[in-house]
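Annotated features, as they stand in TrEMBL:
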type: DOMAIN; residues: 67-362; note: domain 'D-isomer specific 2-hydroxyacid dehydrogenase catalytic'
type: BINDING; residues: ILE124, ASN148; note: substrate binding site
type: DOMAIN; residues: 158-336; note: domain 'D-isomer specific 2-hydroxyacid dehydrogenase NAD-binding'
type: BINDING; residues: ARG203, ILE204, ASP223, PRO258, LEU259, THR260, GLU261, LYS262, ASN284, ASP310, HIS334, ILE335, SER336, GLY337; note: NAD(+) binding site
type: SITE; residues: ARG286; note: site 'Important for catalytic activity'
type: SITE; residues: HIS334; note: site 'Important for catalytic activity'
Amino acid sequence: MAMRRVIRASCVSSSSTGYLARKFHASSGDSKKIVGVFYKANEYASKNPNFLGCVENALGIRNWLESQGHHYIVTDDKEGPDCELEKHIPDLHVLISTPFHPAYVTAERIKKAKNLQLLLTAGIGSDHIDLQAAAAAGLTVAEVTGSNVVSVAEDELMRILILMRNFVPGYNQVVNGEWNVAGIAYRAYDLEGKTVGTVGAGRIGKLLLQRLKPFGCNLLYHDRLQMGPEMEKETGAKYVESLDEMLPKCDVVVVNTPLTEKTRGMFNKEMIGKMKKGVLIVNNARGAIMDRQAVVEAVESGHIGGYSGDVWDPQPAPKDHPWRYMPNQAMTPHISGTTIDAQLRYAAGTKDMLEKYFKGEDFPAQNYIVKDGELAPQYR
């Protein structure tokens, strides 16, 4: 914000000169060094030609980038002072990462990255970047908005049903050669008639509500903005302005809000204590929105009847992460937004933004997370 005011006031100040120089170079035809950080697919890389979001297939843009004279380096090695990513920080121009194997871009890394101009998220969610530091440095941060919203919403619906029907213990019985119907049925329920509330009703939240409507649920949502009347009618969802008012009513709570300084650790012991005993929680948003230990204690006590999600803090989750060992959990690695269909969309969106970057053109407005020194509203 401060940088933007400086630019307007005087285009010859040192801070504004640095910002304008970065923007000028972004539109030049010079060769750029682009680094992508993705997960390794190993033997799975060749099993599907559309498996683009991995190190081996590198979003499918290597030949295109190199044919234009750009230098494209791809790695999964992103942690520690001696990692592969760290070697390229001083002279890279563009860093591409995904939420599924995030390259954490700290203020320290931004300070070292003298040539850095653009930070792209192949997918949705740029909280692995220190956005304030990026804004202060005059960097552009963008993501492929909408690329995996269908994928995540479908996954959330699946998780609600998995928890509601107590599916995982039943599956484990089969794998372990057991047969104990009572051990599953005593805490299995129908979704029909239950109250489901989403904390956040952006693109994913709205799609989830649309998909839940045919199940005959009582649907609630809390967000900083209320939907228009047509969308409320289409989803059948009712707006609840106060989160404290909504949570005690819910049999199922779904987290669909971005990770910001306001939402970090939001679901702490006090907040969880306001929910119904036995509440089911689905979180495909970000792991750090939850107080890690508060979730563990509530699941172990039975106050949370079941917890499912695919987001952790940090990612990848260490082997000793306590959520791996909680009772009544249905956790997975971060997979909901990286279906093959989503990969095709976020790979195409990344290529489109790179093309615009090379030409000095603007991205689609909704893709910007940081532009002109200012954060998008959802990250403020």
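Using N, Cα and C of the backbone, Cβ positions are placed for all residues, glycine too.
If you draw a 10 Å sphere around the CB of HIS334 (NAD(+) binding site), it holds 24 other CB atoms from the protein chains shown. When each of the binding-site residues ASP223, GLU261 is scored by how many other Cβ atoms sit within 10 Å of its Cβ, GLU261 comes out lowest. The number of other CB atoms found within 10 A of the CB of ARG286 (site 'Important for catalytic activity'), across every protein chain shown, is 24.
Fewest other C-beta atoms within 10 Å: among the binding-site residues ILE124, LEU259, that description fits LEU259. Annotation for ASN284 (NAD(+) binding site): spatial neighbours VAL152, ASP155, GLU156, ARG159, ILE204, VAL255, ASN256, GLY309, ASP310, VAL311, SER336, GLY337, criterion Cβ-Cβ under 8 Å with sequence separation of six or more.
Ranking the binding-site residues ASN148, SER336 by C-beta neighbours within 10 Å puts ASN148 at the top. Largest CA to CA distance in the NAD(+) binding set (ARG203, ILE204, ASP223, PRO258, LEU259, THR260, GLU261, LYS262, ASN284, ASP310, HIS334, ILE335, SER336, GLY337): 25 Å, whole number. Here HIS334 (NAD(+) binding site) is compared against the recorded positions ILE124, ASN148, ARG286, and the shortest C-alpha distance is to ARG286. When the alpha carbons of ARG203 (NAD(+) binding site) and ARG286 (site 'Important for catalytic activity') are compared, the span between them is 16 angstrom. Ranking the recorded positions ASP223, LEU259, GLU261, ARG286 by Cα distance from ASN148 (substrate binding site) puts ARG286 first. For ARG286 (site 'Important for catalytic activity'), the spatially nearest entry among the binding-site residues ILE124, ASP223, LEU259, GLU261 is LEU259, judged by CA separation. Taking the Cα atom of each, LEU259 (NAD(+) binding site) and ILE124 (substrate binding site) are about 12 angstrom apart.
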